[in-house]
Amino acid sequence: MGLPPLEFSDCYLDSPQFRERLKSHEIELDKTNKFIKELIKDGKSLVAAHKNLSCAKRKFAGSLNEFKFRCIGDAETDDEICIARSLQEFAAVLGNLEDERIRMIDNSGEVLISPLEKFRKEQVGAAKEVKKKYDKESEKYCAMLEKHMNLSSKKKEVLLHEADVQLDQMRQHFYEVSLEYVLKVHEVQERKMFEFVEPLLAFLQGLFTFYHHGYELAKDFSDFKTQLSISIQNTRDRFEGTRSEVESLMKKMKENPHEHLALSPYTMEGYLYVQEKRHFGTSWVKHYCTYQRETKQMTMVPFDQKSGGKVGEEEIIHLKSCIRRKTESIEKRFCFDVEGVDRPTVLTMQALSEEDRKLWMEAMDGREPVYNSNKDSQSEGTAQLDNIGFSIIRKCIQAVETRGINEQGLYRIVGVNSRVQKLLNFLMDPKISPETETEIPSEWEIKTITSSLKTYLRMLPGPLMTYQFQRSFIKAAKLENQESRIKEIHCLIHRLPEKNRQMLNLLMTHLANVAAHHKQNLMTVANLGIVFGPTLLRPQEETVAAIMDIKFQNIVVEIIIENYEKMFSTVPEMPQTNSQLHLSRKRSSDSKPPSCSERPLTLFHTTHNTEKEEKRNSVNSSAESVSSSNANSSANSTCTQCSNMNNLNASDPDLDVAKASRPNSLSLNPSPTSPPTCPMFSAPSSPMPTSSTSSDSSPVSVPRKAKALYACKAEHDSELSFSAGTVFDNVYPSQEPGWLEGILNGKTGLIPENYVEFL
């Protein structure tokens, strides 16, 4: 496993888990620092000791062979694997040259020793200095916080206000130092991948020049040397892009940290001081607490952020009630009492501020929970995958291929933003009919046209390859076997919504044509992947982990461009159909719970957005036109339309494949609390509707009770968490494939279809 990413949002929570992750990075930096010192020492011995050259080589080679790179993330790219393997390759080369005793090269000190010493002092040393500053500020902040918490509420309001201001200033300063430290740690960990290996590569290249006996060995090494050089350059290029992204994210976090908090499974979490009664008096112990409103479960872990602080034993409380403490009833400020179901005594807790106490009270007193207040990462744009959208992309592609296919830096050189917006406004003008495929006037520069194409794709409400399948595409790129990557991506492409797949086909055919002219325009498949990866697979949440996955986004786009004919012209070998999978699940349901892969995917489209989408796309096909124009008609006509669509799909095998893997784009959107008027997806106890079923014979879904066969933990706010044996009320098929809707403890939510049986 690689090193875990350090999120900037965790600097504000400063949780025990964050401290543990930070400590693992610090240990890795210490190991790297010690290893570089040892490597420099060994290198000097190798240069100075001609008589002991063989012994020095063995030690040096042994040091290289023992060190293992640890990259950030749970998988490595081909370039990182190549770089990580390079030390073992170097050691093997030195082992083969062990018997050759020739004097050291004159410039080895400049080639090898100086860069490593420079990296150790300027990068690793700088990280240590920032660490000292971080530890010092952490100590000061915690000490001041404890002192502040002990202030009596009977003091004058002016003094209390002044103390609050001082604490807030200290806290902000601590957050800034913490952010800078995390940034520096990430930077050093990334830099060592090229600034550390590159001097070693240069040193070995110098050895080959002076060793006549190693000429043949050098020829054998040249292929790996070339591959490694490319990998180092690719890693360096990615580092430059990643660093700018991370710095930009850090600046956004600094300016408004509350808008960039990471999504959390907890309703509320943070530090609280808990009053503990002793034999002589009481004491206040700092705990990191988390609370889940659905289960009314509160978890407390004793922890102090001071250096060397140990994590205590976890304690779980099932909440019964939460009452605010009156100011006059206790000397401490910001206090409230918590009563547990399984605890005989009441716990008194102290929040860090009045605002913090209000948040805890709102989370625990039965009011509406305060979930993540982040703004949507992507506001609804005017761009859509409708006739206008396809027309705009086709016009841009036609202009590029007829006028600028050989321009150097195509798609990499950006146009002037004002010109780009002007061209997009012109192309998106509703007065211009989308059926009119007029060419873009020659007055528009190619870089303006290419920037407009990229901007339009970024303006879509979601990325072209969808948020739903983003993690699946990334996982496919992380597969070790290239054939497996291609096969998995091929399947995922055919699971995309039809319009997304059509647009992706149009774009990839064009990019393959651009790559075919790379000798003139210098835009290779790799360069196009760098340009379009973040656009086609943009993350739903802007985090450090998402930035680290950019390299895999690029790999996905490269694979699609290189294999675009196979990706879009052939249908992949799809897994079992929905009905077969349903039957197999029913057979195995008595023996074991469904695996994670059997858990259906949810789309989480809101009624509002779907209606807007259907309205905009109503001109695309006669079937969609029928659906949108009759959305408010009776249940009879609605079911007739559904039956007609089933008959239409039965005549087209391609549509059958699409239907088995994604929801029907024509499905209506009933309210969350009312059953659908058309049985698009049947309950487990009823047979799956076939394409030949007429509207008259289509049964209307009747809400029933269902019992959970297995426990399930919700992965989204719209899902329900439950244990085995739980009984649900008012259960009926959902518009989401593989899901049911039901009511549990007064809350309506989604339930996996293969996790329950009807009563």
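For all residues, glycine too, the Cβ spot is worked out from N, Cα and C.
Among the features that Swiss-Prot reports, compositional bias 'Basic and acidic residues' is placed at 608-617.
The compositional bias 'Low complexity' annotation in Swiss-Prot covers 618-637 (among others).
If you look up Swiss-Prot, you'll see 638-650 marked as compositional bias 'Polar residues'.
Swiss-Prot lists 679-701 (among others) with the feature compositional bias 'Low complexity'.
Look at Swiss-Prot and you will find 7-262 tagged as domain 'BAR'.
According to Swiss-Prot, the domain 'PH' annotation covers 265-369, on the basis of sequence analysis.
Residues annotated as domain 'Rho-GAP' in Swiss-Prot, with sequence analysis given as evidence: 383-568.
According to Swiss-Prot, the feature domain 'SH3' maps to 701-759, an assignment based on sequence analysis.
The annotation region 'Disordered' is assigned in Swiss-Prot to 578-701.
Taken from Swiss-Prot, the feature site 'Arginine finger' covers Arg412, and the record attributes it to sequence analysis. Using a 10 Å Cβ-Cβ cutoff, Arg412 (site 'Arginine finger') registers 15 neighbours.
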Ranking 7-262, 265-369, 701-759 by the number of C-beta pairs under 8 Å to the domain 'Rho-GAP' (383-568), which range is first? 7-262
Which numbers of helix, strand and coil residues does DSSP report for the domain 'PH' (265-369)? 14 helix, 48 strand, 43 coil
Check the domain 'BAR' (7-262) for me and report the mean pLDDT. 82
Counts of helix, strand and coil residues, the domain 'SH3' (701-759), according to DSSP: 3 helix, 30 strand, 26 coil
